[in-house]
């Protein structure tokens with residue numbers, strides 16, 4: 001998709017489609033008023049009759065007989081004074097879905113008719129670009145017949161002259177984020193027989209080859225064993241696919257800047273191991289590597305926009321399968337940190353790979369560490385499919401992540417990490433057990449991880465409820481790439 005900023009009258013531009021916002025009431029934008037005059041009052045009549053709707057996120061088409069615009073695409077914004085950021089995102093998603101399904105090859109967006117209630121032009125442009133890229137995304141890599149590509153290929157965002165530089169910067173930023181989200185979706189949507197730990201390692205090296213600011217390496221099981229990663233290796237013990245610890249370094253800042261580390265859970269298929277999952281819906285366990293996929297996507301976005309920050313991605317990739325060599329309930333393993341874990345449930349495997357990866361992070365002397373994982377079904381029970389679960393040992397870090405989520409609409413909700421929950425992990429035979437029972441499952445999982453993060457500021461993002469969608473629209477969401485990218489851009493010094 002080709003995007004550009006436009007600071008001239010959008011109505012005077014020849015285009016296949018002009019996007020215009022409509023509010024409830026008689027007072028409309030200057031763009032609407034001019035268009036209505038050109039159409040001899042027809043638009044006003046259609047609005048009054050309800051054929052053009054001002055209801056939030058509804059879209060209406062009109063084909064003018066005169067002028068250089070072939071189509072008008074109106075999007076309802078509701079009551080002008082009530083339009084919020086969330087409402088704008090909803091409207092942006094709706095209008096871009098309509099545009100992507102149309103026959104228009106190019107479009108102009110009349111931004112002034114959309115940015116109400118002091119919504120900034122740059123921010124609004126970001127939402128529009130990401131909404132259109134998401135609407136145009138398809139995954140047909142594994143199909144013999146490919147989907148018909150979206151016809152629209154060029155979009156001009158028309159705004160005030162003084163906003164042109166902000167719009168251009170927003171286009172560059174949002175395009176990078178959208179590209180990162182697409183990579184995250186692609187990796188997540190791949191089946192487990194293709195996307196293996198070794199496949200992820202190869203993708204990391206391919207990404208580093210594409211961007212000079214990235215470098216990648218992957219440790220095999222021999223090196224991991226030498227490092228003492230007994231917990232990590234216990235997960236891959238039953239699989240024919242060897243585990244990989246993948247490290248991708250992005251150096252956009254100077255040598256004085258500390259590293260921010262992202263740790264991604266990369267279980268490429270989770271059968272549950274000996275604690276086997278039910279068969280229904282097990283196909284969706286290919287999405288158990290979406291935390292790792294989001295690390296890939298975030299690093300791509302940062303490299304694409306040449307962000308002046310240093311970030312290390314650590315990906316714990318393994319496949320969890322049952323076999324005669326698989327770890328059994330009751331087995332005790334020694335982690336890289338030296339702490340021992342009694343494994344009561346082999347389906348609580350994400351924390352077993354993450355704990356060793358978190359210990360490995362110490363060598364980077366990080367400013368912050370954020371792990372991203374489809375960790376607990378309990379998070380879906382607590383927060384549904386809208387918010388990422390957030391737990392942290394540092395309030396400032398937690399607040400920065402929450403703010404990034406609010407800004408991008410990729411929101412998170414903080415849960416407590418109190419010492420009182422730690423006792424649920426007590427074991428009679430090891431330093432801890434890997435499950436804490438049904439109560440507060442998301443919290444006790446984070447409590448487990450917290451025992452391996454004593455040497456740095458750390459936050460845990462449980463994306464079990466937001467990483468993918470089930471049903472007829474099944475597919476990876478690309479979250480939380482917007483949140484992570486926004487957070488890391490906020491860490492740029494100076």
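Residue 1 is the first one shown; counting continues down the chain.
Keep in mind that glycine also has a Cβ here, set from the backbone N, Cα and C atoms.
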Which one of 283, 288, 331, 371 goes with 265, 270, 349 at the Mn(2+) 2 site, as Swiss-Prot has it?
288
Of the recorded positions listed as 277, 347, 351, the one whose CA lies nearest the CA of residue 265 (Mn(2+) 2 binding site):
351
Starting from the Cα of residue 277 (active site), work out which of the recorded positions (270, 288, 347, 349, 351) are within 10 Å.
270, 347
At the level of the C-alpha atoms, what whole-angstrom distance separates residue 288 (Mn(2+) 2 binding site) and residue 351 (active site)?
12
What's the CA to CA span in angstrom from residue 351 (active site) over to residue 270 (Mn(2+) 2 binding site)?
13
With a 10 Å radius around each C-beta, find which of these binding-site residues (270, 288, 347, 349) has the fewest other C-beta atoms nearby.
347
Say we define neighbours as other CB atoms within 10 Å of the CB. Which of the recorded positions 265, 277, 351 has the fewest?
277
How many Å separate the Cα atoms of residue 347 (Mn(2+) 1 binding site) and residue 270 (Mn(2+) 2 binding site)?
8
I need the neighbours of the Mn(2+) 2 site defined by 265, 270, 288, 349. Which other residues of that chain put their C-beta within 8 angstroms of the C-beta centroid, in sequence order?
235, 266, 267, 285, 289, 318, 320, 350, 353, 373, 374
